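One structure is given here, and the rest of the page talks about it.
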Amino acid sequence: MSRRVVRQSKFRHVFGQAAKADQAYEDIRVSKVTWDSAFCAVNPKFLAIIVEAGGGGAFIVLPLAKTGRVDKNYPLVTGHTGPVLDIDWCPHNDNVIASASDDTTVMVWQIPDYTPVRNITEPVITLEGHSKRVGILSWHPTARNVLLSAGGDNVIIIWNVGTGEVLLSLDDIHPDVIHSVCWNSNGSLLATTCKDKTLRIIDPRKSQVVAERARPHEGARPLRAVFTADGKLLSTGFSRMSERQLALWDPNNFEEPVALQEMDTSNGVLLPFYDPDSSIVYLCGKGDSSIRYFEITEEPPFVHYLNTFSSKEPQRGMGFMPKRGLDVSKCEIARFYKLHERKCEPIIMTVPRKSDLFQDDLYPDTPGPEPALEADEWLSGQDAEPVLISLKEGYVPPKHRELRVTKRNILDVRPPASPRRSQSASEAPLSQHTLETLLEEIKALRDRVQAQEERITALENMLCELVDGTD
């Protein structure tokens, strides 16, 4: 009698759990715009969500610790004249976020560590180059201030956000609307999917298609694709019978998928969130109430189903926390921020362990906030892997880094030359922009206090009159 061999994996028992009710973010009017993006972006400091707003597009930015009910007058980030379609935090500065809009522009914003008293309306820079709506944003994983945008004009533009210049424009590769764009780990290649049902690998600096596969999935619904850590590709799509699929591809041989998993029948496009440290891909569909996750390995069958986290409410969007924002003391290997119609709910993925010690096997060194290259170095042909950090002592986000406006680079946040001596907050020079912003905030607070004092005085007088009248 043969014995069934159980596959050995430290991720066989990954469990998902929704955070407690008091850890959710309540009373948020999540955007109802029809667009297949995540509508949510998160980093170790902030949570950003695209919201409903009159008179243009807007998104809300909350400190992670600001859970509970969000005041209806909480300041928004506004400035777009059309709906916001995508947002993405800069991986090298936790206070910088980019937004893309139906109004054809991309805006880059500096988010202060303190809570502003009014809407943030002035971006650091507005990037204008698309002729139709912009629905996709993606920062370069290793080069400072390099941002990619893709629009309804079938064009991909790669910007140097620090100078506002167009580094590259890929305008003759895609014959139809682009559905997704993803960098590989060192930012040397792009993987794109398009309405023409073709999966492409592109060298952006040569404006060349390195490899392509027509109809990787036979269905008519949109595709998505992401690179794996070893350079393979994961794609999500639909079969001819509308079954949702996950496929693994070797770019050196696009004839047949290395592995193919078929799932349920549904209309929701599956958004893949890939973690290179664990080689787990999480699949989240808009309108679904579940998250499926699979482990990708180098031995057959290559794609291994792990589990499904299910809940009652369908998701309107999803945010995925970078590894450096996780709680390693709780063996947390992933954290999602699930958007409901009126709230955002954290979902935590853990690997149960008996020991309280740091689990080295769960937490290899992971990309940190330091860029490996400058924009001009990358453009000249240099490549570099991400600068890694250890999570053993628990990641602590760096203090707020102010954008210094210079002719060369408006997002120049290069750290001091000597890392051994840190400059205290009292020694750090304030830019003119920061000083003016703080003075405006102080004036607004004074005006508010004065108005409240006048209101209190008026109410006290009314109370005295009422008391006198009853005597």
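Each residue, glycine too, has its Cβ placed from N, Cα and C.
If you look up Swiss-Prot, you'll see 79-119 marked as repeat 'WD 1'. Here the repeat 'WD 1' (79-119) is broken down by DSSP into helix, strand and coil counts: 0 helix, 20 strand, 21 coil.
For 129-169, the entry in Swiss-Prot reads repeat 'WD 2'. For the repeat 'WD 2' (129-169), the list of distant contacts is 35, 37, 82, 85-92, 98-106, 108, 175-178, 180-183, 185-187, 190, 192, 194, 204-205, 207, 367, 371-379, 383-387, 408-412: same-chain residues at least six beyond its ends, Cβ to Cβ under 8 Å.
Across the repeat 'WD 3' (173-212), mean pLDDT in this model comes to 98. The feature repeat 'WD 3' is assigned by Swiss-Prot to 173-212.
The repeat 'WD 4' feature in Swiss-Prot is assigned to 216-259. With DSSP states grouped into helix (H, G, I), strand (E, B) and coil, the repeat 'WD 4' (216-259) comes out at 0 helix, 20 strand, 24 coil.
Residues or ranges marked as repeat 'WD 5' by Swiss-Prot: 264-304.
Residues annotated as region 'Disordered' in Swiss-Prot: 410-433.
Under the heading compositional bias 'Low complexity', Swiss-Prot lists 419-429.
Taken from Swiss-Prot, the feature coiled coil covers 426-468, and the record attributes it to sequence analysis.
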Please indicate, using numbers and ranges, the residues of the same chain that are 6 or more beyond the repeat 'WD 3' (173-212) and have a C-beta under 8 Å from a C-beta there.
36, 136, 138, 140-143, 146, 148, 150-152, 154-156, 158, 222-227, 229, 231, 233, 235, 249, 251-252, 254, 276, 378-379, 381, 383-386
In the same chain, which residue numbers or ranges, 6 or more beyond the ends of the repeat 'WD 1' (79-119), come under 8 angstroms Cβ to Cβ?
31, 33, 35, 37-46, 48, 50, 56-59, 61, 63, 66, 125-128, 130-139, 141, 144-145, 147, 149, 151, 159, 161, 322, 367, 369-371, 397-403, 411, 413, 437, 441, 444-445, 448
When secondary structure is assigned with DSSP, how many helix, strand and coil residues does the repeat 'WD 5' (264-304) contain?
0 helix, 23 strand, 18 coil
